[in-house]
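Asks: Structure provided below as structure tokens; questions to follow.
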Amino acid sequence: METLLKVLSGTLLWQLTWVRSQQPVQSPQAVILREGEDAVINCSSSKALYSVHWYRQKHGEAPVFLMILLKGGEQKGHDKISASFNEKKQQSSLYLTASQLSYSGTYFCGTE
């Protein structure tokens with residue numbers, strides 16, 4: 001039997017983001033995967049980005065910090081979850097490779 005994973009993306013708004021009017025936009029809003037499939041979640045802003053924070057929240061639990069990407073930094077990752085930061089496009093992408101059931105949850109980006 002195939003196991004389906006439901007991965008939701010949402011927007012985590014930081015106080016600093018509100019002050020600077022940099023509400024990030026994530027796409028796609030929802031992804032449904034089978035185990036072993038890959039997915040990409042994008043986080044972009046119309047304003048200059050200096051850092052992007054990625055989090056995952058499982059149902060009924062607090063968000064868990066995944067990683068931070070800084071302006072001028074390289075791609076980061078651990079296990080089969082990685083992210084990149086494209087300064088020119090003002091966008092960060094979170095890559096879920098060979099998805100597992102443990103990847104289920106809501107993914108958030110925060111920006112400054």
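Every residue gets a Cβ built from N, Cα and C, even glycine.
Dumping what Swiss-Prot says about this protein:
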SIGNAL    1-21  signal peptide
DOMAIN    24-112  domain 'Ig-like'
CARBOHYD  N42  N-linked glycosylation site
DISULFID  C43-C109  disulfide bond
Asks: By DSSP assignment, list the helix, strand and coil residue numbers for the domain 'Ig-like' (24-112), in that order.
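Replies: Its residues divide into 3 helix, 50 strand, 36 coil.
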Asks: Across all chains shown, how many C-beta atoms besides its own are within 10 angstroms of the C-beta of C43 (disulfide bond)?
Replies: 28
Asks: What Cα-Cα separation, expressed in whole Å, is found between C109 (disulfide bond) and the residue listed as 'N-linked glycosylation site'?
Replies: 9
